[in-house]
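First the structure, in the form of structure tokens, and then the observations on it.
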Number of protein chains: 2
Amino acid sequence: MEIALEEARAAGARGEVPVGACVVLGDRVVARAGNRTRELHDPTAHAEVLALRAACAVLGSERLGGHDLYVTLEPCPMCAAAISFARIGRLYFGASDPKSGGVTVGARVYSHPQCHHVPEVYDGIAAGEAERLLKDFFAGRRD
Amino acid sequence: MEIALEEARAAGARGEVPVGACVVLGDRVVARAGNRTRELHDPTAHAEVLALRAACAVLGSERLGGHDLYVTLEPCPMCAAAISFARIGRLYFGASDPKSGGVTVGARVYSHPQCHHVPEVYDGIAAGEAERLLKDFFAGRRD
């Protein structure tokens, strides 16, 4: 999660909402990314999607069975579904996202029979630091 | 929708699940795409995501206000959320997808307060042809 937090800080420094993610296989970091929606003019360029796409490119496969994903914020429905499609084994996330999340609130993507692969979900990992980054970012934007 | 169906047929001819999409602004086609998850080794490379990303690249913006999206199949939760993030005005889709859809079934992405932009949704547009393409594709794979 420390690597995901580094990516979140780097995203914030670029003027992006500070969210970071990394894909790991055991002890090995396969891909890491921060949010780049503004820079890339791409509404799908959330940290999770970029990390998944990069890991798939490394493996030459659209599936990442046995891989885990760390992300500093609860995934939105788009990312939650992408994580399922990629067959991620374990999802570790930091801060909860009651406003836009799609795992524990709202769409609850993993809670329906239309979701064909459900990762194990572990929440609240380094949540304090992940949340602080987001709060500071949005407080800075309001100033 | 005829353009989306053309993209679906082309996807099927490439060995991909035959789904196609296009983004329009009034009468103008801004971007069109078919599913390329296998070719690109990218679980996020659904027709809708590729069409949205291409349209955003054309416009140099992560938002497509005033644009509409046609897709031959009911979007999954990933695509439904991406369509919302892109601020698509109207979503026209063809066949329903009770097994994996995320608009009218399952996650019902647009039905929660965590979804901050809800497009107008029109279903069943050329649904017969869209469904026939999918059924023929999967029947062919079983043979």
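Numbering starts at 1 and runs along the chain as displayed.
Every residue gets a Cβ built from N, Cα and C, even glycine.
All TrEMBL annotations are machine predictions without curation.
The domain 'CMP/dCMP-type deaminase' annotation in TrEMBL covers A:1-104.
Under DSSP, A:H46 (Zn(2+) binding site) is assigned to coil, being neither helix nor strand in the three-state scheme. Marked as Zn(2+) binding site by TrEMBL: A:H46, A:C76, A:C79.
Annotated active site, proton donor per TrEMBL: A:E48, in sequence order. There are 32 other CB atoms within 10 A of the CB of A:E48 (active site, proton donor), with all protein chains counted.
Less than 8 angstroms from the CB of A:C79 (Zn(2+) binding site) sit A:H46, A:E48, A:V49, A:V71, A:G102, each of them six or more residues away in the same chain.
Contacting chain B by the Cβ rule (under 8 Å between Cβ atoms), the recorded positions A:H46, A:E48, A:C76 reduce to A:C76. Taken residue by residue, the domain 'CMP/dCMP-type deaminase' (A:1-104) breaks down under DSSP into 34 helix, 25 strand, 45 coil. Sequence-distant contacts of A:C76 (Zn(2+) binding site), defined as residues of its own chain at least six apart whose C-beta falls under 8 angstroms from its C-beta, comprise A:H46, A:D97, A:S100, A:G101, A:G102.
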